[in-house]
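Asks: Per TrEMBL, region 'Disordered' is recorded for 1-36, 90-113. The compositional bias 'Polar residues' annotation in TrEMBL covers 24-36, 92-102. Among the features that TrEMBL reports, domain 'F-box/LRR-repeat protein 15-like leucin rich repeat' is placed at 239-337, 343-466.
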Amino acid sequence: MSNPRNGDTKPPCLPRNGLVKIPTQPNGLGSASITKGTPAVKNRLCQPSSVPAILSPALAHRSDLPIPSLASPLSLATLASVSSPPGASLVGLNTSEGSEQPSPERLPGSPSERQLAVDEKILNRLFWYFSACEKCVLAQVCKAWRRVLYQPKFWVGLTPVLHTKELYNILPGGEKEFVSLQGFAIRGFDGFCLVGVSDLDICEFIDNYPLSKKGVKSMSLKRSTITDAGLEVMLEQMQGVVRLELSGCNDFTEAGLWSSLNARITALSVSDCINVADDAIAAISQLLPNLTELNLQAYHVTDTALAYFTAKQGYTTHTLRLNSCWEITNHGVVNMVHSLPNLSVLSLSGCSKVTDDGVELVAENLRKLRSLDLSWCPRITDMALEYIACDLHKLEELVLDRCVRITDTGLSYLSTMSSLRSLYLRWCCQVQDFGLKHLLGMSSLRLLSLAGCPLLTTTGLSGLVQLQELEELELTNCPGATPELFKYFSQHLPCCMVIE
């Protein structure tokens with residue numbers, strides 16, 4: 001999120017990973033970020049960065065808000081017109097930092113308005129209506145607002161993202177000083193994403209973040225040069241970490257995993273790390289008996305690795321995502337379904353050697369699946385969809401993006417699935433209007449993505465108005481999606497968010 005700019009009202013649309021920029025700060029944390037996991041919140045965060053009025057027209061008539069007097073001329077824009085002083089810091093050590101920040105007594109308006117503007121009971125209710133981006137701005141209005149907004153309850157589920165250069169201040173003599181992270185501690189952040197850090201940076205972070213020893217539950221390292229020694233020190237010192245992500249970290253080895261992984265870790269994500277192969281999966285399987293979630297993107301993992309999982313993990317592990325594991329074949333699927341029979345979430349996205357026979361194994365053995373991702377599996381055909389429809393009666397989400405052999409016949413099989421709520425058919429180039437007719441009776445469907453389907457026409461898409469319970473419809477890069485069609489949807493699917 002960036003500071004409001006005069007004449008610029010374009011919303012700072014977020015990337016799909018949910019990154020939100022924090023306003024630039026003099027302490028070097030200017031491009032720190034916050035990320036939120038849920039798609040619904042990501043959509044809400046994609047709002048104009050300008051400071052909003054204290055009540056929107058929609059909220060002005062809310063009877064459940066105990067602030068009827070907010071119909072007065074008092075507005076957030078008025079209060080925020082007292083800009084943050086040059087020395088104010090969003091993550092300052094305490095409220096004494098930026099001491100020139102306006103106190104409640106100095107806010108504009110009458111005494112009654114000033115009293116209302118700092119009433120903590122009202123503020124505690126009001127601030128829930130703002131996005132994380134806006135809260136970062138509002139916390140700089142005055143000490144009273146920051147005191148309310150720095151309560152941990154307003155930041156639950158958010159993860160600060162810090163790049164290497166943001167961790168240090170450059171002193172006049174050219175020396176580097178690690179920034180204060182006290183402001184993060186006050187807000188109770190229990191997860192961090194560090195980008196581009198080294199072993200030394202991680203040690204500095206551990207020494208300077210007050211909650212690092214036991215208060216941090218989740219750590220993500222991206223594009224970092226952490227070595228085996230750094231990984232071992234981090235997991236030894238940060239005793240509270242139970243969720244670990246390593247992405248684009250090419251300096252640690254499989255030996256480092258053997259020496260550092262701790263049984264307390266319940267969720268592990270490893271992607272784009274060139275030294276990860278079958279031995280790394282062996283370390284994970286033997287050292288993490290309480291693993292509930294494993295996300296793996298590794299180009300050198302073979303079928304053998306999927307036989308390493310223990311009986312304990314077969315009981316506890318409910319989520320397995322194998323993304324772009326190119327060497328995995330149907331033999332690996334056999335090993336996987338027998339080792340992890342209790343999976344509820346499975347992704348084989350980009351496992352291009354898996355065929356319909358592999359999907360049949362999944363459908364017959366993993367009856368508890370609620371989410372299945374087969375995107376970018378070019379060998380999947382309509383036959384796989386028949387297996388899915390026959391056996392996976394609890395399935396709620398199915399992703400078939402870029403499954404180029406899927407046709408209208410496959411959609412006819414899916415039409416019998418009464419539990420399916422989300423269906424992704426992005427760039428399924430053989431799906432036609434006739435196939436859409438099979439979906440019109442799926443009353444449970446809430447999300448449908450047809451982005452990039454070239455054969456769908458305006459006539460075929462218009463029939464989707466029969467899906468009155470639909471909440472989200474994605475038609476990006478769909479030739480049949482015309483302005484007239486979007487207007488038609490706005491009239492006949494008023495409760496559905498249509499993505500153009």
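The first residue you see is number 1, and the count goes up from there.
From the backbone N, Cα and C atoms, a Cβ is placed for every residue, glycine too.
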Asks: Using DSSP, break the domain 'F-box/LRR-repeat protein 15-like leucin rich repeat' (239-337) down into helix, strand and coil residues and give each count.
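Replies: Within the domain 'F-box/LRR-repeat protein 15-like leucin rich repeat' (239-337) the tally stands at 36 helix, 21 strand, 42 coil.
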Asks: Quick check on the domain 'F-box/LRR-repeat protein 15-like leucin rich repeat' (343-466): DSSP residue counts for helix, strand, coil, in that order please.
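Replies: Helix/strand/coil tally for the domain 'F-box/LRR-repeat protein 15-like leucin rich repeat' (343-466): 43 helix, 15 strand, 66 coil.
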Asks: Do you know the mean pLDDT across the domain 'F-box/LRR-repeat protein 15-like leucin rich repeat' (239-337)?
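Replies: That region's mean pLDDT is 95.
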